[in-house]
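Feature annotation from TrEMBL assigns FMN binding site to 12-17, 59-62, 97-106, D132. The FAD binding site annotation in TrEMBL covers R347, R379, S380, F381, S382, G413, L414, C415, S416, W593. Taken from TrEMBL, the feature NADP(+) binding site applies to T457, S512, R513, K518, V519, Y520, V521, Q522. What TrEMBL lists as domain 'Flavodoxin-like' is 6-150. The domain 'FAD-binding FR-type' annotation in TrEMBL covers 204-443.
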Amino acid sequence: MSKPSLLVLYGSQTGTAQDAAQRIARQAQRRQLQVQVLPLDNYNVANLISESLVVFVCSTTGQGDPPDNMTAFWRFIFKKSLPVGSLSRLDCAVLGLGDSSYPKFNYVAKKLHKRLLQLGAGMLLPAGLADDQHDLGSDAVTDPWLTSFWERVFALYPSLADVIPLREDEPLPPTYTFHFLDDVEEKTDDRLRIPTEQTAPSQSHPFPARLVSNRRVTDMSHFQDVRHIEFDVTGSSIEFAAGDVVMMRPCNTPEDVQQFCQLLRLDPEAMFTLRATDNTAVQARLPQPCTVRHLVESYLDIAAVPRRSFFELLSTFATNEMEQQKLVEFSSAAGQDELHSYCNRPRRTALEVLADFPHTTAEMKVDYLLDLFPEIQPRSFSIASSLQAHPHRLQVLVAVVHYKTKMCKPRRGLCSTWLASLDPAQGEVYVPQWVKKGSLKFPKEKDTPVIMVGPGTGVAPFRAALQERMADGKNANVLFFGCRSESKDFYFRSEWEAMMKTGHLTLFTAFSRDQEEKVYVQDQVRENAELLWDLIANRRACFYIAGNAKQMPTSVCDALKEVFQQEGGVSSEDASQMLATMERTGQFQSETWS
């Protein structure tokens, strides 16, 4: 059998699955195989019937949903009209990247594996189900899975045994080459151009929304800075409903951009064009020509905690013996515990790593920048307003992420810190954004009550829902809100009070630190068992949870099951079954984040 070409197709929301796909591609290149890597939605899925060797790498988002860049593929592959046996020529494997703290752990990979089998594909090995919760992260599953995958490929194509693989310390060619230009006028940044055509904004064509206000809504003495931010979306054709999310891409801080350019001895004002070294398309999000400053500020994710692949590539530039040994160790399977202690646990950034390896950083070639650093990923925020209450406006509630590790400098969330730093009083500020359908759907029927549990910033989508429902004359609304202190972080208090006065809202609060014994939203759920049972059992109320995915959602679900047992007189088993049925029919919905 002749040497195969390998196709690696990925569905990735945050870049982790893309990184794993690119790692598989590098391993294939070192084995002298022809390889192509593509997001699933960039691939013509009708060609799958004529492929011979494919690896699918996919993550799971939300409540068991496929990532955005594989939704079209997902719809196609599950068409009932596809004939059984249509993929009988295909040998393939599925690698899933998930997080076992979510109920639908690796749901997309499991479902895809099963579907490919139904369509007659030859599965080379069981689906790899990597878990971010493992002490060593997803590599704990990925490493042995890849070893097994290559063993299966070599068994299938014995001629590969004769190929002498490239050495691990030999750098592969860069994906792009930089061509620096002299005296070229910089183009205006297209991201800030108001689009004239009336198409809905999207990831490839975001709308530059003007920042109207950026207000801190927590008391200055409170440990956390939370912002209520408003954008003007006039002329954008942006539409959204309660439960939808807005997507934004942050920028790196000016200090980080400056330090990066100094470390790599790059002139931030230098202009360049990119050329692909093979048939890869040049990154559409980068203008041509582009300044180094724009590339570093808006594109390269230098403030993220680097993945193992970063160290693998960095080690190929090292000439200093000590630095090379350390980088090779961090790249190896045996060195993953060391790497976690150095990088993941203290949340050390890629920029800080470069500063720790000055000799290797000095040896780095600019052509490899886009191989070393992933693209800054968009962040999603629940929309906290309704167009019916605030026409042409879009509002969000953002907790500014800021915490200490053993590193001297506090760790900061890239997007929340960037948003908090924007000040419309200093001149007009525009933030490119687009809107996505969220996972929460609210009932259309006027008489269906809604029960919403939204502690902290989890209340954001419920504010949008309440504004929408009030405008539609839907008055059966119950909100459970929790925070630390009534005087410090009780978001939108005056709005809730006004809604209660007009009979649009029943509000239950839990201020966890305002008394000796901590009180949480789940305690208030138990406390109001009779009301909740009546609304759910007799009036078919819909129940919603939004907020942090740590303990809160599980605790609220447990409290709700206790309500069913206490008021409905059902067994523990039946209560669990009731909740499962509610979830299946959309009567119970949750949107949580870690």
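In case you wondered, yes, glycine gets a Cβ from its N, Cα and C as well.
Everything TrEMBL records as a feature, shown here on the structure.
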residue	record	Cβ neighbours (10 Å)
S12	FMN binding site	24
G15	FMN binding site	17
D99	FMN binding site	19
S382	FAD binding site	26
S416	FAD binding site	20
S512	NADP(+) binding site	16
R513	NADP(+) binding site	13
K518	NADP(+) binding site	12
Y520	NADP(+) binding site	18
Q522	NADP(+) binding site	24
Take every residue in the domain 'Flavodoxin-like' (6-150), average their pLDDT values, and give the whole-number result.
93
Show which residues of the chain containing S59 (FMN binding site), separated from it by at least 6 in sequence, have their CB under 8 Å from its CB.
G11, S12, Q13, T14, T16, A17, P67, G96, L97, G98, V108
Cβ-Cβ distance under 8 Å to L414 (FAD binding site), same chain, at least six residues away:
P250, N252, A303, A304, I376
For a quick check of packing: other C-beta atoms within 10 Å of the C-beta of Y102 (FMN binding site), how many?
20
Which of V519, V521, all binding-site residues, has a Cβ with the fewest other Cβ atoms inside 10 Å:
V519
DSSP-wise, what's the residue breakdown of the domain 'Flavodoxin-like' (6-150) into helix, strand and coil?
58 helix, 35 strand, 52 coil
Among D99, S380, S382, S416, which are recorded as binding-site residues, the nearest neighbour of V519 (NADP(+) binding site) by Cα:
S382
Only counting partners 6 or more residues apart, tell me which same-chain residues put their Cβ under 8 Å from the Cβ of R347 (FAD binding site).
V305, T405, M407, R411
